[in-house]
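Before any comments, here is the structure.
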């Protein structure tokens, strides 16, 4: 069986991570949560009260990012600290576009992601996987959904985790993040020329997963 590379890109809350995790489990692939890696960098910036990219990188080099299978799914670790929940707070979410747009941060993360992906048998999701991180990926998906639907998804996710959230404010924040991600100079959100556009508005997670898995199995 061929060890393929799958890249799933798309805007915030389009369902990329949820879909990628399910496909990884179903097809026996490694799931590399690139968004979580940038969220870790953002968390470090907030906790260390710095926007100095070299200091953020040095901290992560001293406390490496790793992923582990926990009781409730994949866990994100920084050194020995479990940051799975804290990197999903609104404070981190609203600052991640700024930190992830730093050239030094992106170069550091991309190098790490490419190193891990070299062996294949991997699925990654993010903003620039198909265009920058894995331009040679066997299968590229660009997953989109309406702002209203994405806000509703994030709203329900936050409530289930006990995070107080205002739905209308979420809509504004997601639309603004779309704008920032699309116009930033370094690796803007952009569909790769050879990516398959998949609009998930009104579709169930099961339907999205099935569509992508059918494409992937033909390449394995």
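All positions are counted from 1 along the displayed chain.
Keep in mind that glycine also has a Cβ here, set from the backbone N, Cα and C atoms.
Cβ neighbours within 10 Å of residue 18 (ATP binding site), excluding its own Cβ and spanning all shown chains: 16. According to Swiss-Prot, the ATP binding site annotation covers 10, 11, 12, 13, 14, 15, 16, 17, 18.
Of the chain residues outside the ATP site list 10, 11, 12, 13, 14, 15, 16, 17, 18, 19, 125, 143, 145, 150 have their Cβ within 8 Å of the site's Cβ mean position. Of all the Cβ atoms in the protein chains shown, 26 others lie within 10 Å of the Cβ of residue 10 (ATP binding site).
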